[in-house]
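Undergrad: To start, I am sharing the structure in question, which I have written as structure tokens.
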Amino acid sequence: MVASSVLGFPRIGSANREVKKAVEAYWAGKISADALTKAAAEVKKTSWINVKAKGVDFVPSGEFSLYDHVLDHSAAFNVIPTRYVGLGLSPLDVYFAMGRGRQSEGVDVPASEMKKWFDSNYHFVVPEFSDETDFKLNFNKAVEEFKEAQAAGVTTRPVVLGPISFLVLGKPSKEAKPGFQPISLLPKLLPVYKTLLADLKVAGAEWVQIDEPVLVLDTAASLGKQFSSAYAELAPVSPKILLTTYFSRLDSNLTYVAKLPVAGLHIDLDRAPGQLDEVIAAVKPTSIVLSLGLVSGRNIWKTDFAAAIKSGQKAIDALGQDRVVVATSSSLLHTPVTLASETKLTPEQKDWFSFALEKAGEVATIAAVLSGSQDAKVAAALEENTASIAKRRAFEANSDDAVRKRVAAVTPEQLERQSPFAVRKEIQAKHLNLPKFPTTTIGSFPQTKEIRQARAKLGKGEITEEEYEEFIKKEVETVVRFQERIGLDLLVHGEPERNDMVQYFGEQLHGFVFTQNAWVQSYGSRYVRPPIIVSDVSRSGPMTVKWSSYAQSLTKLPMKGMLTGPVTILNWSFPRADVSRELQSKQLALALRDEVIDLEKAGISAIQVDEPAIREGLPLRRSDWDAYLKWAVDSFKLSTAGVTDQLQTHSHFCYSDFDDIFPSIQRLDADVISIEASKSDMKLLNTFKQYGYSNQIGPGVYDIHSPRVPGSQEIKDRLKSMLDILPDSLLFVNPDCGLKTRGWKETEASLVNLVEGAKWARENYA
């Protein structure tokens, strides 16, 4: 028999986002820790039962989280930075302080650093290690949830982040000695893992899924000895180990992985289908069970059963049915919960898609077909899938010839500004008349309850379009007057009309469809509803000119137009699977190019085209980088290069390690870039110093992902550190990111301190 498996499930609850609401209610002091635990327990139970009901053999447990699974791991293994110790907080409040910071009841600590989880839009909290890290098992989450699921009538396969990935994904703490590498702690860490796994075995777990996603990275090539020694220690005391990889291919790392004493190996055949033959050949002489990631954990398209069955049969022919498992390619964390919550998609559109719960059904059906099932329901599901895929392929055959021809006609000249930056800088300085150390924000201002209610009323038809626009005008004016009052130099309109930085643009472009409740976790309690690209993309008319122009009419200070860049719109949407990402990105770029040109014609003097996802979209294997970076950078330049020299272009990046792609960041040729810096201890700035960056730059002086208000001295200290590295003639002063998720009280206090910091810099670095 071929078994079926799901590697992980969304932890948000249902369309009602029960976990988000419970967590935020706890933060607000509206519910107790016990009530939060109870709400989480109900969501976990429902997920286990629903996945099992779809016919899945291996149901995951232990991967649920109130904030982040890596943060859970740090808390469980006592990897708690010293700044969070001895504050008189409960373990739960220490946990949340690490994730989002805390500034209340005499406690003032910033949040830990966050990074993107490989090439996804999910953010994880970075563990911090030093020689003094004291590993111990504060709690065994894997055992607790295994037993919790058993009590609900479901036997699960626990999920644990692997020891080597845990260390490699971390960083040296401030207390670490120079040259310290977290991987050196492996001998100290393994005894704690052995305890965790032995306890799981005693609890009755037959299998354990140990995630080692770093195995798809080039850097894992040097970790063969660590993997061999670690799993030689773990295997004898553990339940049967499924070593799990995802998001890319094993490549040369397969040489040592196939020799590890594990019972199973999972590979991602959605993102890396070409690795199947090589992996089959490597594991065939062993007894390793091969888990095939045939159902995508990263997109929302219905699985093509015929193609999946073909790959599965190849593995069966080589290994036999008992050594093959049909699985999701990765955790379904990256997909919405269920299509059942969508009532406004057309029948044709709904037939294209498969969300997490539907994907659980897909793995079970594919496994049943490969097992030779004669069940009429399985045969019907296979027949329905064949018809559905045929309809989708027929739709995909349509294209917008005008859009395709326009992309094909793009010339190298369209990617370049009229003059080099040195020339543009002087022209822009005269035109904008900004002071030294100009202050600005990244774009969005708080999306208040009133703004969300007005948007909801418009959607329900409770107010007219005219009434809504009058409301938005007042919100824009409030933001403009606020910025004038506190002394910001380059203003924004605040984006009150925008629901999301990607969705807003998708709703005004041809080629997208939208969901009602297809929420996906981005970080903590922050969820997004990614648009879905279904056909060729084009712009029917101006998307932002109206509100930027109105904001500019309210003030004599320069106004910055705000757009989301083509690569970010692509990466933060569910893209098409039938055409290349390059084609989709360039279609988006041309639509945005038209918008940038229209904004300049309307009198806007600075335009920010955000690309926070450009580093995120980088392929995980270095050999694949050049092709991606070529079209990604070209897409940004195509968006921004159609304007005059006096138009100042900005772009924003967050959670990006630029060291290895710095030449590409330089090639963007944005007049000003703003980057996340405060949350990562400004380590990015050393990269700019190392390579020498000639254009202007705004390293974030405070972290907006935390409600904590930075003191003015803290901002001054950060500016001083920046000025030790960067030329003062290039420095802008801004927050780390947009202010959409923050409240007005903390926003005002933080920006007042930011402006004070800039004034201090002008006085001391004249």
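Glycine is treated like the rest: Cβ placed from N, Cα and C.
Straight from TrEMBL, here's the annotation block:
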type	residues	note
DOMAIN	4-311	domain 'Cobalamin-independent methionine synthase MetE N-terminal'
BINDING	LYS20, ASN121, TRP572	5-methyltetrahydropteroyltri-L-glutamate binding site
DOMAIN	437-759	domain 'Cobalamin-independent methionine synthase MetE C-terminal/archaeal'
BINDING	ILE442, GLY443, SER444, ASP610	L-homocysteine binding site
ACT_SITE	HIS705	active site, proton donor
Undergrad: Among all the protein chains here, how many other CB atoms are within 10 A of the CB of TRP572 (5-methyltetrahydropteroyltri-L-glutamate binding site)?
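TA: By my count, 24.
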Undergrad: Would you list the other residues of this chain near L-homocysteine - those whose C-beta lies within 8 angstroms of the C-beta centroid of ILE442, GLY443, SER444, ASP610 - in sequence order?
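TA: Apart from the listed residues, the neighbours are THR441, VAL492, GLU495, MET501, MET562, GLN608, HIS652, CYS737, GLY738, LYS740.
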Undergrad: Please give the average pLDDT for the domain 'Cobalamin-independent methionine synthase MetE N-terminal' (4-311) in this predicted model.
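TA: Taking every residue in the domain 'Cobalamin-independent methionine synthase MetE N-terminal' (4-311) and averaging pLDDT yields 97.
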Undergrad: Based on Cβ atoms within 10 Å, give me the single least packed residue among the binding-site residues LYS20, ASN121, ASP610.
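TA: Sparsest of the binding-site residues LYS20, ASN121, ASP610 by Cβ contacts within 10 Å: LYS20.
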Undergrad: Nearest to SER444 (L-homocysteine binding site) in three-dimensional space, by Cα, is which of the recorded positions LYS20, ASN121, TRP572, HIS705?
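TA: The answer is HIS705.
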Undergrad: Just jot down the residues in the same chain as GLY443 (L-homocysteine binding site), at least 6 apart in sequence, with C-beta under 8 A of its C-beta; none if empty.
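TA: Spatial neighbours, sequence-distant, of GLY443 (L-homocysteine binding site): VAL492, GLU495, MET501, LYS560, MET562, GLN608, ASP610, HIS652, GLY738.
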Undergrad: Out of LYS20, ASN121, ILE442, TRP572, point to the one nearest the residue listed as 'active site, proton donor' in space (Cα versus Cα); all of them are binding-site residues in the record.
TA: ILE442
Undergrad: How big is the Cα-to-Cα gap, in Å, between LYS20 (5-methyltetrahydropteroyltri-L-glutamate binding site) and ILE442 (L-homocysteine binding site)?
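TA: That comes out at 25 Å between the alpha carbons.
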Undergrad: Name, in the order they occur in the sequence, the residues of the same chain whose CB lies under 8 A from the CB of ILE442 (L-homocysteine binding site) and which sit 6 or more residues away.
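TA: ILE442 (L-homocysteine binding site) has long-range Cβ partners GLN608, ASP610, HIS652, SER674, ILE704, ASN734, PRO735, ASP736, CYS737, GLY738, LEU739.
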Undergrad: Just how many other Cβ atoms lie inside 10 Å of the Cβ on HIS705 (active site, proton donor)?
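TA: I count 22 other Cβ atoms within 10 Å of it.
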Undergrad: The record names ILE442, GLY443, SER444, ASP610 as the residues that bind L-homocysteine; what is their largest Cα to Cα distance in Å?
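TA: Value for the max Cα separation, rounded to a whole number: 12 Å.
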Undergrad: If the 5-methyltetrahydropteroyltri-L-glutamate binders are LYS20, ASN121, TRP572 per the record, what's the largest distance between their Cα atoms, in Å?
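TA: Max Cα-Cα spread across the 5-methyltetrahydropteroyltri-L-glutamate binders: 20 Å.
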